[in-house]
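According to Swiss-Prot:
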- 64-77: compositional bias 'Basic residues' (COMPBIAS)
- 149-160: compositional bias 'Low complexity' (COMPBIAS)
- 86-146: domain 'Tudor' (DOMAIN)
- T21: phosphothreonine (MOD_RES)
- S24: phosphoserine (MOD_RES)
- S27: phosphoserine (MOD_RES)
- T65: phosphothreonine (MOD_RES)
- T80: phosphothreonine (MOD_RES)
- 1-28: region 'Disordered' (REGION)
- 9-40: region 'P1 (binding site for GEMIN2)' (REGION)
- 51-86: region 'Disordered' (REGION)
- 92-204: region 'Required for interaction with RPP20/POP7' (REGION)
- 149-221: region 'Disordered' (REGION)
- 234-261: region 'P2 (binding site for SM B)' (REGION)
- 273-287: region 'Required for interaction with SYNCRIP' (REGION)
Amino acid sequence: MGGGGGGFPEPEDSVLFRRGTGESDDSDVWDDTALIKAYDKAVASFKHALKNGDISEASEKPKGTPKRKSAKNKSQRKNTTSPSKQWKVGDNCCAIWSEDGCIYPATIASIDFKRETCVVVYTGYGNREEQNLSDLLSPTSEVANIEQNAQENENESQISTDESENSSRSPLNKPNNIRSRAAPWNSFLPPPPHMPRSGLGPGKSGLNFSGPPPPPPPPPHFLSRWLPPFPAGPPMIPPPPPICPDSLDDADALGSMLISWYMSGYHTGYYMGFKQSQKEGRYSHFN
C-alpha cells in the first residue's frame, strides 16, 4: 500500500500476542496439571462425602488405587485385629490408607517393636506407610470388603438393568394398539391398502399380492349419499403410514409404492369418469 496515513497497517502491526518472544513468558502458564488435580480432588471428596454421609476432604489415593468402600466402623477393625506379637516381617495384612480411610492389602516391610509400629508396602501400588501394629487387619478383612463392594455393585447394576428393560419394554407393547386405533376411518378418505408380503426379487417375474383385489367403485347415488361434500379449504392430505419394522424389505416397499400408484389412478379415473358422466347428463338434458 502507499505511504499515506490512511493506508492499512503492515501485517506485523496487527499481531496482538506472540508466544515465546516476551521476557515474562512462562511455559507453566500452559500447564493445566494443577487444575486437573484440583478437579479430581474435588470430585473424589464429593463422592467420599456421599458414601460416608458426612463431608470430609479426600486427598489422592495410592497410585492406581481403585474405588473402595471405607471401613464401616471401628468395631469391625477391632474384631479383625490380631495381637502385635503375631506380626512379623513379610506377613500379608490389610492396612487403612491414611489419605482416604479405605482398606488395602499390604505387606509388612519392617517392624519397630519398641514403638509398636511397622512400615507396610501396599500390594500392587508400592506406597509405603508407617502403621501401628494394633491397627493392622488380617487379610480376610480385604476379602470381606471386596465381596461387599462386589455385592453392592451387582445390586446397582441390576437396578439399572431393570430400569432399562422397563423403559425399552413399554414402547414395544404399543404398535398393536396403534394399528388397531388407526383402523377406523377418520375422514372421507379410505384407509390405505394392506402391505403386500412378497414382491420383486431375484428370479421373480412380478409381484404376488396376498391381499384381495380392490372392490369395484360404488354407484354414483351411493357416493353422493354417503360421502360428505369436499371442504372449501385446501384438501385434507392423510399422513403417511407408519413404518413398521417388518415392512423394511425392498420388495415390500416396492409393492407398497405400486399399490399406492394403482389406488391413486383408480380413484382419479373414477372421479374423472363421474364428472364426465355428470357433464354429459347436463348436455343431454338441454338437448
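Each residue, glycine too, has its Cβ placed from N, Cα and C.
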Q) Which residue counts does DSSP yield for the domain 'Tudor' (86-146) in the helix, strand and coil classes, in that order? A) 12 helix, 28 strand, 21 coil
Q: Over the domain 'Tudor' (86-146), work out the mean pLDDT and round it to an integer.
A: 85
